[in-house]
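According to TrEMBL, the domain 'G-protein coupled receptors family 1 profile' annotation covers 43-293. The transmembrane segment feature in TrEMBL is assigned to 27-50, 62-84, 104-122, 143-163, 198-222, 242-260, 272-295.
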């Protein structure tokens, strides 16, 4: 630490938090935490391996599913080190630079997953609305370009976060609210003016919320198209192709909207509720997305069982 003036000391270490009141059980909590992470990494790597090695799955829908798996892996690996350090070794300290790097990757992969879910909704609309031209419109080259654009957009969108946070002065407070670093959580520790961080963070949040709005609009058009199908059986068949995506959207957006709302507007928020929602936000989507798509997508399920010798 070094002195700013006679009354302020700049903080050079942030402290993360596990689960307050259950510090004595952190080692035991680390066991299911490790299991969840291993299953999430195994599940998403399995999705990537199966799609990559099966020529029959080299189609737009499965390419987008691969992008979703990459986003989930990024979220898991970005938060894994600090969470395991806290629960296994009670090592809560983290340097500001490491914290800024972590929140960059967490927010970057979060925005990437949001973008992938958006383009997947367009993919479902196109498959239902114009199935005959589906493969000619969404070619492999266009899907690859789309993925690259979304990756660059997501990283550029959150790139200012570490630099704007680094410009702030941190004193008096050093305890963060979660087991990992988030932009809105870190900037609240600053004792200098963080107006720029607040408004830019709000802008990034609006960009992600706009993704959810466009997803909702896509499903309005999907429902309109489905209702125009004469056969009841064909309507159910068309809607069934969207179930996995709807589940992924709900699993992703419900906790992130709840967490963002509590951070910005919650006056009497429960610290325990915030911690649990924040952990759900990073733990559940990477774990559940491979399970949902394996259960609901026959082609993926058959290939996975085939690789395991369980046909």
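Keep in mind that glycine also has a Cβ here, set from the backbone N, Cα and C atoms.
Just so you know, TrEMBL annotations never went through curation; they're auto-generated.
Count of Cβ pairs under 8 Å against the transmembrane segment (104-122): among 27-50, 62-84, 143-163, 198-222, 242-260, the largest is for 62-84. For the transmembrane segment (198-222), same-chain residues at least 6 beyond its ends with a Cβ under 8 Å from one of its own Cβ atoms are 107, 110-111, 114-115, 117-118, 121-122, 124-125, 128-129, 157-158, 160-161, 164, 183-184, 187, 242, 246, 249, 253, 256-257, 260, 264.
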